[in-house]
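Some features that TrEMBL has for this protein:
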- A:86-118: repeat 'WD' (REPEAT)
- A:177-218: repeat 'WD' (REPEAT)
- A:219-262: repeat 'WD' (REPEAT)
- A:263-304: repeat 'WD' (REPEAT)
- A:316-348: repeat 'WD' (REPEAT)
- A:349-379: repeat 'WD' (REPEAT)
């Protein structure tokens, strides 16, 4: 509006009724310049009051678990330390898995060695040398009679475990079950020894029949390397979740090969995914230094576990038996234990001398085991008397 | 890949993406307050049986070194 050509109309102001030069406010109303300013100011005040009342009602919307869990009793501080160390690997430990007997575990390392341990005695029961280095994935069969492993060889091989002391494990014929076009990042048997699920750097996951090596189903959808997977607890059906370098966590239907849900809130690669014990949610650990909880029925992220002081990526996550605690191993050599409901950190575990690469809670929830680039695996459990871990 | 097949691939891919997104958008969701309440009740229900939460007495701990001498 060109002020110099503004024609001032003189008349009675509709607010103060004085005879003034009027500035037209609207079709019906004319205000003098003073009243025009006052009206503008009061309108602005009303708008801001409206906005603040809206924002207060928005804050009442539940967007995260901790808002609902306010009334839940907080956990006391835990005191942590390593209870037992498993030594024997010659290089970085990359992956580990518990046997269903809650006692044995299998671990794999960068130098190609795969070792089966008895965690009660720390004895090594079996050892295999793979023809490739960087064995990034290993899994124990549900029966306890075989292990699967793979890595830079782009394959997943299944080794039957022999308990005959005279038989050399390396001589035992192994079967190459899975063939991918890039490295194997994760593998897991399904409910039986007969089927195995794999994740690969080629961006796909696949379901294989162990005996024939046949591909039963493939899962396409990730836009980059898939780094981890976890099967839903058996009661909740045939689904699994995978996480990848495309920052996405995807939930798949194993029968149809379809992606049923996808979550993309992480800011970097997702290194680890693990289902909540009830199967209604899953947690993820990422290079963005956060762990997050996604609820499947609400179809969104419901919690984020982070601290400003934590700047290194989380490599591995697992829940305690009740799902109240989330154990997460980080690249800064520590394990942080989070209160899943409240979103706060309950404890830090020190002990590893290099990054923690893998972490699993035992099947009965009695203990947890972490593997690290410092060539060792460490076991921890909780004492009843003082609630020490 | 020739540009012609690339563009037809892009269209096919876009169609697939739209179809996937439609499918994902159509699933039934529950409120976060309900989902959180369920997670909380699951935790409370199973807290008693959680050895890492409650702790296990040394006598029952299978990982503890077996001592030769026991006080009865």
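Positions of Cβ are set from backbone N, Cα and C atoms, glycine also.
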For the repeat 'WD' (A:316-348), what's the mean pLDDT in this predicted model?
95
Tertiary contacts of the repeat 'WD' (A:177-218), as residues 6+ beyond its ends and Cβ separation under 8 Å:
95, 134, 136-143, 145-146, 148-158, 224-231, 234, 240, 242, 244, 252, 254-255, 257
Would you kindly list the residues that approach the repeat 'WD' (A:349-379) from elsewhere in its chain, counting only those six or more residues past its ends and only Cβ-Cβ distances under 8 Å?
80-87, 89-98, 100, 102, 105, 107, 109, 117, 119, 312, 315-322, 327-337, 389
Give the residue counts of the repeat 'WD' (A:86-118) per reduced DSSP state, in the order helix, strand, coil.
0 helix, 19 strand, 14 coil
Helix, strand and coil totals (DSSP H, G, I; E, B; other) for the repeat 'WD' (A:219-262):
3 helix, 23 strand, 18 coil
Could you give me three numbers for the repeat 'WD' (A:263-304), the DSSP helix, strand and coil residue counts?
0 helix, 23 strand, 19 coil
Per DSSP, what is the helix/strand/coil residue tally across the repeat 'WD' (A:177-218)?
0 helix, 25 strand, 17 coil
For the repeat 'WD' (A:316-348), what does DSSP give as the number of helix, strand and coil residues?
0 helix, 19 strand, 14 coil
Folded-back contacts onto the repeat 'WD' (A:219-262), same chain, C-beta under 8 angstroms, at least six residues removed:
182, 185-186, 188, 190-191, 197-207, 268-275, 277-280, 282, 284, 286, 294, 296, 299
